[in-house]
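> Structure in structure tokens, see below.
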């Protein structure tokens, strides 16, 4: 008569997971002045908004949550990105029935089952981390949109003023902050 | 019996045989299938999905069946080209000169179409396979233009039968790429094809004849986008559309003068999609992405939005061409071609339309510019801007 054995198997998985997310978009700035002049105006506004210039000419800012905003003034592109990483240390244990004490095949099956469960959990944790990063970016996007729109508007307004000054004698400038309208009277 | 290498058109004076021709069962099935593919409109062909399919593939046919196959292809393909658009009165460039009329008036002598082994392999494959789960169809020999055209005709029937076009033979077909980038889109990018064969000689004549059908295909492709739920699928379709249109624009400009009129199907599709009037309503940018499941990283979301805007973005090239055409002086040798473009596509720049009631599906119609090209540019910009991203609830937020 055969005797039933219970084999306890434990597996662990240690892994470093890293996720990132990001988007790139164009700043909506009208072509009023030359690209170089527009870039100079944009750089001035970016500096006032707390951006810092890198050696490659791009301007960047990182907030307290690690969301990085990069602006290329020459191309008028803005890149928003965030990343996160986490160290996983997962452990699983199971007990399986076997017909012999040294039933290697059953032990191997149990081990593979545990491995697949650990892999699935690691994938799930990575997905959760990805969702966290995306949610963090989404949360920042609303304010960032408004800020970038304001920067674009200020650059456009300043470009219009400079263009008007180059055309003749500026007699009157009136701005309505509520509607965003700008009226420049020029004497040619 | 040897497999056919070339199926030439039979002479016009050929008389039908006095007695009915006798062919084997497999040959009869092949001929019936050929006739069905060359019949008007995509209709459901049960023989493409018959279960169990996978009957033994034929590798050769007898001389009687070959004669009938030649006759069917010669008459059927010509008739289909005329039926699908060749009958329309159009103005096109013929040897650098603008000609007006239907296809046979613009091209009184049509060059012969040479069907080769790939056509026979296609027909044999269709007869023996269930197109929903077919074995690979790939050709050892380079398909001729006529072979390409037969693949194009077959593609509509395969899709109508619920099959898919993810076969090397269709992915490498220039006409199928031009008409079905959505059905060919997959994880792998479309193979880079040289489309120059379609912008001169008989290739250009075929594309002229297929203009209305190609326009309808691109309208259908765009109208299907709101039904797409998977972000990856939208991204792939957009990438495939961009890929084929980039190749197409490049091929068009290799001709002298450039055959830019052959992109007319895109202008027609744009009018159908974006012209606002009593019957045609222009959707706003959210319409293209309304079916997407946006629970995905922002980078994937943006890639899908860029894919959704692929057609709208490509219309920018038509606008550049129109601007260039307006600058061609009257003494330039390309003047006639430029004027053809300006007169044929004038509706893209200016759209005098009667005031229309606000359509139900649009939220910011008042902000849309009047001209179709300006609308396309604005919609593409809106789709690709930061304002389209953010939480799913924000997508409908006007910029």
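The first residue you see is number 1, and the count goes up from there.
Backbone N, Cα and C atoms are what each Cβ position is placed from, and that goes for glycine too.
Predicted, not measured: the structure shown is a model, and the values here were computed from it.
Annotation source TrEMBL lists domain 'FtsH ternary system' at A:1-187. Residues annotated as region 'Disordered' in TrEMBL: A:165-188.
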> With a Cβ cut-off under 8 Å, give me the same-chain residues at least six positions beyond the ends of the region 'Disordered' (A:165-188) that come close to it.
153, 157
> Across the region 'Disordered' (A:165-188), what are the DSSP residue counts per state (helix, strand, coil)?
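Looking at the region 'Disordered' (A:165-188) with DSSP, the answer is 3 helix, 15 strand, 6 coil.
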> Give me the mean pLDDT over the domain 'FtsH ternary system' (A:1-187), rounded to a whole number.
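Computed over the domain 'FtsH ternary system' (A:1-187), the mean pLDDT is 88 on the 0 to 100 scale.
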